[in-house]
Amino acid sequence: MDALILQILNGLDKGSAYALIALGLTLIFGTLGVVNFAHGAIFMIGAFCAVTLSKILNLSYETIDPNQTDFLGNPLKVKTPYVESWFGPEIGASLIDWAVPLAIIFSIPIMLAVGYIMERGLIKHFYKREHADQILVTFGLAIVLQEIIKYFYGANPIQTPSPDALSGVANVGAVFGMDIVYPVWRIVYFCFAAVIIAAVFSFLQFTTFGMVVRAGMADRETVGLLGIDIDRRFTIMFGIAAAVAGLAGVMYTPINSPNYHMGMDFLVLSFVVVVVGGMGSLPGAVLAGFMLGILESFASMNAIKSLIPGIDQIIIYVVAIIILLTRPRGLMGRKGVMEE
Amino acid sequence: MSKSTMTRRGVLKTGAVAGAGVALPTIFTASSAAAYTNEPTGGSVTLGFNVPQTGPYADEGADELRAYELAVEHLNGGGDGGMMNTFSSKELQGNGILGKKVEFVTGDTQTKSDAARASAKSMIEKDGAVMITGGSSSGVAIAVQGLCQEAGVIFMAGLTHSNDTTGKDKKANGFRHFFNGYMSGAALAPVLKNLYGTDRNAYHLTADYTWGWTQEESIAAATEALGWNTVNKVRTPLAATDFSSYIAPVLNSGADVLVLNHYGGNMVNSLTNAVQFGLREKIVNGKQFEIVVPLYSRLMAKGAGENVKGIHGSTNWHWSLQDDASKAFVKSFGTKYGFPPSQAAHTVYCQTLLYADACQRAGTFNPCGVAEALEGYEFDGLGNGKTLYRAEDHQCFKDVLVVRGKENPTSEFDLLEVVEVTPAAQVTYAPDHPMFAGGELGSCNPGA
Amino acid sequence: MLGLNKKDTSLMIVVIILTMFAPFILNPFPVDSAMAQFNAGYPDLMQRFVIFGIFAIGFNILFGLTGYLSFGHAAFLGIGSYSVVWMYKLLDYNVIYGLPLAVLTAGIFAVAIGYVSLRRSGIYFSILTLAFAQMSFNLAYSVLTPITNGETGLQVYNNDPQVLLGANEATSPHLFGIVMNNSFKLDVGAWQFTFNNGYYFCALVMLLVFYLSIRIFRSPFGLMLRAVKSNQNRLSYTGLNPRPYTLAAFVISGMYAGLAGGLMASMDPLAGAERMQWTASGEVVLMTILGGTGTLIGPVLGAGFIKYFENIFSKINDTILHQWFSFLPDGLEDAVVFIIHPFIGKGWHLTLGILFMLVVIFLPGGLVEGGQRIGKWIKSRGKSEDSDSGATTEPAE
Amino acid sequence: MGILEVKDVGKRFGGLQALGDVNLSVKENSVHAIIGPNGAGKSTLLNCLVGKLIPDTGSVMFDGQSVLGRTPYEINQMGISRVFQTPEIFSDLTVLENMMIPCFAKRDGAFRMHAIENMMSEAEIVDKAEHMLEEMNMADKAGMHSASMSRGDKRRLEIAMCLAQEPRLLLLDEPTAGMARADTNNTIDLLKQISDERDITIAIIEHDMHVVFSLANRITVLAQGTPLVEDDPENIRGNPKVREAYLGETA
């Protein structure tokens, strides 16, 4: 029983990342009709926002400590971060400690800008082009983005820890009188994802802006005829989608050390998630994200693995095939979307 | 089966028939002009450095490439000479190899067997490389080793840790300086016994491909010999990034040691996840829970950051070693690039020197001559103490380091500390050891 | 000629000439010159050009004609390779047993995967094919290791049965004694040209399947496939069942992929699981779009383009750059090398990514459109002189 | 017995009764018009006839055989061709290629693997397609890219494609919708000619009374998913129920 609950928690956690990426992907597809293969790269850029902020906070000046030697036998240069000398060692150290949560603030304007520039500079010219062309150009962009990151940060994963206060584990089972410990940061990640998802949905549901966008998603031409500048709103939606993926990336960094190709790792999975959810359906994307996350976790349980060897390698794809064959347009897809 | 002896004759025959029609041909595989593949005829000799330049091991590949460039510089008489000064053999003069200037070509393995073979082939076919070296994973090493055997050039393996490279898949033209899974187990076992006792329950998480399996087999055998009990061996997909669903079952499994048979990104993530789940603080069966990472590298330790502190593993070499050879190498590498070399850089540097020295001693670049010079060769002064290139399987036998993640690193490179240097005798095994059985070295192939 | 119209015949002749003289065309620079780095006329790369050409030609029969975008064709490539290597292991190194089997096995898998996947269209179809291919890859890499030899890749061991192996038979892939690895080199002045058995074998196979693909494009079947892409609704209301047509196209393109995979193993007797990964499937999609979807020659051009960058640009390193620019003053030389450095060697991905974007932005029809534009430009230059003269005479009338 | 017999056909979409107990009999070689206000269920009925929708109740018999449960292409092969409201042609292909497809469908059935022959060397098919184009006065457009034609020409091509299959029943779904007067008249003339010259039954769904009364010799009026009347045109003209249905709708 405990094991099952743990795996559900793991699934929700994996699902959070899938759902957040798929949500952005679906937003872009639903509003702009663009198949964006660079969305994984946006997630990766978000993660590297956190890395960058932590590097900025760690910018140091060097003092020479004659008592210690470095690897060449020269006197060791001891590095002290500037923030520690400006704000005192305690505040400075806690600033560095809290780099990842701070990066949320830092990353939002950056991600919005990245989204805006991408849409205005490139994607805009591809609305009327075939999906194949969109795939090629966004795939090219994804490669370029990740190679740029690799050029500056290298290929090795870069550790970006969570704040000490949020590291460690918590007993989540205490409420039910059970003993289930789970990493604090993973709980934070899931809650964060839930908040973001709720925010996006309420934005679309309850604001005029959101209503226009939803109307535009349903029938772009008619909304355009009403004299509403739908393109501008869609551009903003692209920025929001980028911000959602970026934030997912920022918060993901303590879970797994980010590297330059993490975007590609998530790209294929998030496409599967979007399609299983149904092209163009936001609730579908979220539902499919969590569902696949949980099923993936279950499949990696020893009992199930010993029953069907290798099931954890293919579970996502098996589920995708079964769902697409039983529900032609995924879980919640609309008819006629991306069926040509 | 006696087909290997027939090979060359068949090739010769068809080659000659095919060649007869064209005027002035020099035939690649069967020429009377060249005694072996890519015999250097001018004033220079070309070596092929085939390392991962893209993909997850790109940084390791870049470090290997730095070491290769350094080795070439030293061979050609540039720089401070590095380990050429400490190497027990004094054949190398700093005037290239056999008086020929050393040149090199580079390629990208992409950590894929196909791409690695394509890259190696282009070095052999286009650039006339007489030796191929490099790589950062066992799949690639075995694939390229097979290719070099067919093409008739020497392969000096880079970082490859699978038992198969010099076991089931060993080849007469291939040589490995790096240690392997069995040696990791043999080196770690006594240290683990001292630290954690003989009554332990180990849980293995293993990358689900051949390298992972051979390491799992080796470590499990070595620890079981101590009296440890293996609770479970769980295979994890290569593509996995989040290991939480594999770590969670460890919590209630009754295990008190977790062995992570992972490398690269897999290892960084699985270790990070294991620490996240509080395994380090856990007390099981009244004992402190421990994590072991049998194959360590500094670059991986860097990726995992804080999480490696106090975690034991084994490594081929580490820059903090204080023997003359290691110091000379660190100095010459560090002066040129500004940071200490990784174990991958060390092994490929050694491989290059060993190859050059073997050519020099054999007086030829002919793969058969070089192989003969390397087989059973004993040397010292390359940072691992006294070392033997065993003739039976072309594996180097040398001391293995047991290391631990350092608690208080003084710099970003100072992540591991050497706990013990396990002497070579303790990690030596018989050539027909069951974990290495099934393969055949064959006979050396000079190509032509 | 051979049932082709005039235009197709001349295209076929051009392709024949290009492939037959490829060892010359691809080696335009003398061996010892600095530009020799750009020579592509060595056996392995030439073989790859035609093998991936075959793969892309086949893919184009499905994607270019019917518009069904498969993201899982690499699975058939891998299946083809494994079939051939297994034949080496069981029988002997003659490729004559393996290649037909590769096509057949790939065809069987294509029938099964296609039958299921083609129940859906559009991106749903793409994801179904992707799912099947990724399943094949993941299993081949791990659980199916007894069949595929996993990470290491399937290869021939000395203790394999090889029941047909004769006493004097070659121990590398051959066709009735013609050993694929063998080549002869022709030295002409400073140039060296390599003629490789394997390349010519692949080239002949490619010409055959290229011819076949022209015939398919021009056949009633090809017409139906284009009709599927154009308007599937109209097709059903015209009494035609789209499903068997698309399935046939899927199976044919799967068999092409199997053949390409088989040829890869015929040139190099090793079958790695990475051949089936989604990146490999993506690569053939990129090749086809880059060259020109739905055109006859486009996919082959796209395949050549990508393989050239992968194999040539990844091998350029700083040392070579310094050699090239050594004529510049020292400071300038370093600056030039510094600027070019990110795009070569380990940066070849970056160059490729940028080129993808440039091609798709400026040449929506792919490289073929680039060729057409150049052709038109040359023609219009010729014509503009005529029309200029026409324009000047007009007022006089 | 008519060539097409619709009996008690009903169809629901969720809570909406789109069709309820529709009975219809189309006589061989007649021109039968089905008219009715918007939302009367005309298109739903048509979709039930061609296999796009399966009715919940009732039966549809064509020439004594049930069409229910058959796919569109099977029904087409039985001899029913359909012309769509907006012309459905193969817009990536040339006009001649468009014409050839139904000719192949007629000769070879729903599927035939002829992958090696050159389609242009199939003299029989090419001749028939060219002949058909000539008959429709479109021979000059044979090599044209069909997407670049005018809407009227697209309609003409679509009808020609249907006729090339020599169907026994031609279904037209508002064939003149959105057309200019001149094009409409041309289409009327074309359909008249077809009806006069060929051994064919035509069923037409139409809004435009001008078209209906110019062509039809039998009319069914649908309202709210059920047939109101079925009669000859002159009787329909004066029928108060029909007027009410239409005026009620327009008012």
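Using N, Cα and C of the backbone, Cβ positions are placed for all residues, glycine too.
For C:12-29, C:49-69, C:97-116, C:198-217, C:244-264, C:284-306, C:350-371, the entry in TrEMBL reads transmembrane segment.
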Distal contacts, the transmembrane segment (C:350-371) - CB-CB under 8 A, six or more residues away: 286, 289-293, 295, 297-298, 301-302, 305-306, 309-310, 313, 342-344
Proximity verdict for the transmembrane segment (C:12-29) and the transmembrane segment (C:244-264), three or more C-beta pairs under 8 Å: no
Residues of the parent chain within Cβ reach of the transmembrane segment (C:244-264), under 8 Å, 6 or more residues beyond its termini: 47, 51-52, 54-55, 57-63, 65-66, 68, 70, 73-74, 76-84, 95, 98-99, 101-107, 109-111, 113-115, 117-118, 202, 205, 209, 216, 221, 224-225, 228, 271, 275, 284
Intrachain residues whose Cβ lies under 8 Å of the transmembrane segment (C:284-306), provided they are six or more past its termini: 8, 11, 15, 49, 52-53, 55-57, 59-60, 63-65, 69, 71, 73-74, 206, 210, 213-214, 217, 257, 352, 355-356, 359-360, 365-369
Residues from the same chain, set at least six apart from the ends of the transmembrane segment (C:97-116), whose C-beta lies under 8 A from its own: 72, 75-76, 79-81, 83-88, 91, 128-129, 132, 246-247, 250-251, 253-255, 257-259, 261-263, 265-266
